[in-house]
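**Student:** Starting off with a structure, shown below.
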Amino acid sequence: MRTARFTLDPAFTVGAVNPRLFGSFVEHLGRCVYTGVFEPGHPTADAEGLRQDVLELVRELGVTAVRYPGGNFVSGYKWEDSVGPVEDRPRRLDLAWRSTETNRFGLSEYIAFLKKIGPQAEPMMAVNLGTRGVAEALELQEYANHPSGTALSDLRAEHGDKDPFGIRLWCLGNEMDGPWQTGHKTAEEYGRVAAETARAMRQIDPDVELVACGSSGQSMETFAEWEATVLKETYDLVDHISLHAYYEPHDGDVDSFLASAVDMESFIENVVATCDHVGARLKSKKKINLSFDEWNVWYMTKTQAEVSALDWPEAPRLLEDNYSVMDAVVFGSLLIALLRHADRVTVACLAQLVNVIAPIMTEPGGPAWRQTTFFPFSQASKYGRGEVLDVRVDSPTYDTAKYGEADLLHATAVVRARRSVTVFAVNRSRTGALPLEVALSGLELTEVVEHSALADADPDARNTLAEPERVVPHPVDGTSLRDGRLTAALEPLSWNSIRCADPAPGQPPRRPGEGTGFTGTPPAAPPSSSSAPRPDPTARRSPDRTARARVLAAARVRRMPFGRTKVCGAPVRPPTYAPRFQPFRKTWTRWAPAPRSGSPSRRSPTEASIPGGTSSRNVVRYQVTPWRRSPPGSAPGTPAPTRRRRTRAGASRGAPRTARRC
């Protein structure tokens with residue numbers, strides 16, 4: 001199989017990863033809460049009824065923001081039912097999932113659960129804008145966040161929570177575009193109530209972060225029009241707009257299922273374009289970020305039959321999908337899609353956390369175990385913090401019925417302080433290993449710390465109660481890093497995490513911009529004897545490539561795969577860098593316009609610049625001669641030979657210098 005390739009350079013980044021990208025979701029649905037995170041009679045339960053075995057797995061998973069209480073559940077949610085003494089809390093019908101809600105796990109228990117996860121866990125609270133409105137949202141905000149001295153804040157203290165909950169991130173309803181939603185609204189109706197709620201909540205706390213409801217999927221008939229209408233009302237009042245997407249194979253189309261991230265990336269880019277279009281129309285400098293607060297692999301087609309058969313039970317077994325290796329590979333590819341858009345996707349919530357389409361499964365009174373999807377998420381959360389590098393893959397492709405031609409390789413990379421890089425990669429091929437070659441430019445990394453893969457000879461292999469460790473990541477041999485080239489072989493249908501690092505982590509990282517010129521004493525010239533050992537190629541490189549990257553970027557140089565660059569349309573090889581530098585040389589060349597039929601074959605520079613008449617192509621070329629190494633054996637400071645200036649055939653070499661325009 002042809003080798004897949006891409007280049008990594010810290011000068012070309014997407015953006016910093018927001019820790020909220022590794023959020024999750026706890027909804028009062030099925031066994032997510034009851035016998036999931038909360039089971040008072042369990043052998044590992046603490047005094048609050050929280051399962052300690054589940055808490056340990058949640059910490060290992062690396063979850064940050066946790067969205068609560070829904071989901072469809074929130075459109076019938078009365079927050080007052082979930083506070084106060086447990087014995088006084090009412091039982092309610094949950095219309096969304098045809099279940100009975102006991103309210104034994106409520107707002108206080110949710111905050112306690114987050115505190116026990118650790119300081120990285122952040123509340124993300126949804127308010128009911130389906131059957132309720134502005135007043136109820138304000139009362140919930142006052143109860144949760146106001147310090148003291150009001151009826152609702154004092155009521156919270158009476159309930160045992162003297163300190164405010166400090167909820168900063170709020171969702172203004174859930175999936176209000178969906179006809180299945182209790183209290184479904186049109187975009188105009190929802191936009192007005194969301195704007196009123198946001199404006200009022202900011203009167204209590206101007207620093208709250210608010211998420212407006214976007215479309216429930218890219219396939220919705222109102223997609224894009226919904227976002228545009230809602231943002232027209234709320235653009236200056238909210239910080240994020242939500243996206244929801246779930247994927248499953250349809251009619252046995254596995255190839256399209258494996259390329260599901262193609263749809264997710266398209267979804268993200270279309271919503272970004274819509275948001276920016278609205279901002280431009282409103283002449284606003286503000287950018288709306290994206291909250292992808294529901295995403296997963298979900299075999300949704302069987303859900304309707306499960307729900308319609310229920311007769312209002314408590315915590316029924318619903319949506320308990322058991323994930324295979326293939327599901328985990330698609331899941332990992334969705335994670336890669338989120339990381340590749342980290343500049344605009346600043347919040348993401350895996351739906352859900354326990355039992356319900358979840359990476360963690362439990363048995364009432366029994367153990368908890370990890371699903372196959374647990375491992376890509378935990379590795380991405382652990383090693384995917386930092387700056388996402390811009391990855392443009394050159395990969396073999398395959399055909400899909402749904403998305404057309406798709407790459408076999410889906411990849412991204414995250415750099416931390418230029419001391420380590422983690423490559424996350426998925427091989428979508430079901431039949432063959434995929435050779436991978438990565439060029440590391442501007443990254444002084446020399447060793448592979450770990451190459452871990454999630455794959456199996458049986459793509460349908462799963463972890464179950466009987467075999468909880470049937471599928472686990474395994475180390476991969478043969479991955480190497482030499483002379484700035486990372487090479488690996490990605491197993492068929494696999495999720496891969498490859499970590500590379502600097503062998504000298506004790507040294508402080510270089511500050512951005514440091515080393516923009518050579519100020520030290522130049523080393524002695526290399527020996528002229530042909531028998532002398534050749535110096536290490538890495539020793540001839542610049543001690544810092546930040547200056548190189550900045551100057552090339554300033555000259556509008558586009559980097560191409562594997563160390564090639566393009567300067568205004570002219571592909572050139574990057575120069576070899578040495579401690580002995582020559583200054584940059586700038587030359588300008590005017591290209592004469594192509595002669596028209598019947599016109600003279602040569603024209604003067606003056607004629608070439610006359611607008612109209614002949615061809616209007618008056619192209620000015622800006623050519624950069626970078627630092628060049630002095631000739632071997634020469635004294636320091638000896639100028640390097642000047643290259644001949646390239647001009648297009650027929651161009652005038654005597655053209656006057658002029659400024660470049662692009």
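Backbone N, Cα and C define each Cβ position, glycine as well.
Not my notes, these are from Swiss-Prot:
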type	residues	note
BINDING	Glu27, Asn72, Asn174, Tyr246, Glu294, Gln352	alpha-L-arabinofuranose binding site
ACT_SITE	Glu175	active site, proton donor/acceptor
ACT_SITE	Glu294	active site, nucleophile
SITE	Trp298	site 'Important for substrate recognition'
SITE	Gln352	site 'Important for substrate recognition'
REGION	454-483	region 'Disordered'
REGION	497-548	region 'Disordered'
COMPBIAS	519-533	compositional bias 'Low complexity'
COMPBIAS	537-547	compositional bias 'Basic and acidic residues'
REGION	588-662	region 'Disordered'
COMPBIAS	590-603	compositional bias 'Low complexity'
COMPBIAS	628-641	compositional bias 'Low complexity'
COMPBIAS	649-662	compositional bias 'Low complexity'
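Quick one: how deep are these features, and who are their neighbours?
**Tutor:** Within the same chain, the residues at least 6 positions away from Glu27 (alpha-L-arabinofuranose binding site) whose Cβ sits under 8 Å from its Cβ are Val33, Tyr68, Pro69, Gly70, Gly71, Asn72, Phe73, Ala351, Gln352, Val356, listed in sequence order.
All protein chains shown were included, and the count of other CB atoms within 10 Å of the CB of Glu175 (active site, proton donor/acceptor) stands at 24. The secondary structure of Glu175 (active site, proton donor/acceptor), as reduced to three states from DSSP, is coil rather than helix or strand.
Reduced to three states, the DSSP call for Glu294 (alpha-L-arabinofuranose binding site) is strand.
Long-range Cβ proximity for Trp298 (site 'Important for substrate recognition'), meaning a same-chain Cβ under 8 A and a gap of 6 or more residues, is found for Tyr246, Tyr247, Glu248, Leu319, Asp321, Ala351, Ile357.
DSSP classifies Gln352 (alpha-L-arabinofuranose binding site) as coil under the three-state reduction.
Residue counts for the region 'Disordered' (454-483) under DSSP, split into helix (H, G, I), strand (E, B) and coil, are 0 helix, 7 strand, 23 coil.
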**Student:** How big is the Cα-to-Cα gap, in Å, between Glu175 (active site, proton donor/acceptor) and Glu294 (alpha-L-arabinofuranose binding site)?
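**Tutor:** The Cα atom of Glu175 (active site, proton donor/acceptor) is 10 Å away from the Cα atom of Glu294 (alpha-L-arabinofuranose binding site).
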**Student:** Restricting to the chain of Glu294 (alpha-L-arabinofuranose binding site) and a gap of 6 or more, list residues whose Cβ falls under 8 Å of its Cβ, or answer none.
**Tutor:** Phe25, Gly71, Ser242, Leu243, His244, Ala245, Tyr246, Cys349, Ala351
**Student:** Asn72, Gln352: which of these binding-site residues has the highest Cβ count within 10 Å of its own Cβ?
**Tutor:** Gln352
**Student:** Under 8 Å Cβ to Cβ from Asn174 (alpha-L-arabinofuranose binding site), same chain, six or more residues apart: give me those in sequence order, or none if nothing qualifies.
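**Tutor:** Result: Gly70, Gly71, Asn72, Val74, Ser75, Ala126, Gly130, Gln181, Cys213.
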**Student:** Relative to the mean position of the Cβ atoms of Glu27, Asn72, Asn174, Tyr246, Glu294, Gln352, the recorded alpha-L-arabinofuranose site, which additional same-chain residues have Cβ within 8 Å?
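**Tutor:** After dropping the recorded site residues, what remains is Phe25, Leu29, Gly70, Gly71, Glu175, His244, Ala351.
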**Student:** Once the DSSP letters are reduced so that anything not helix or strand counts as coil, what is Asn72 (alpha-L-arabinofuranose binding site)?
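**Tutor:** Looking at the DSSP assignment, Asn72 (alpha-L-arabinofuranose binding site) belongs to a helix.
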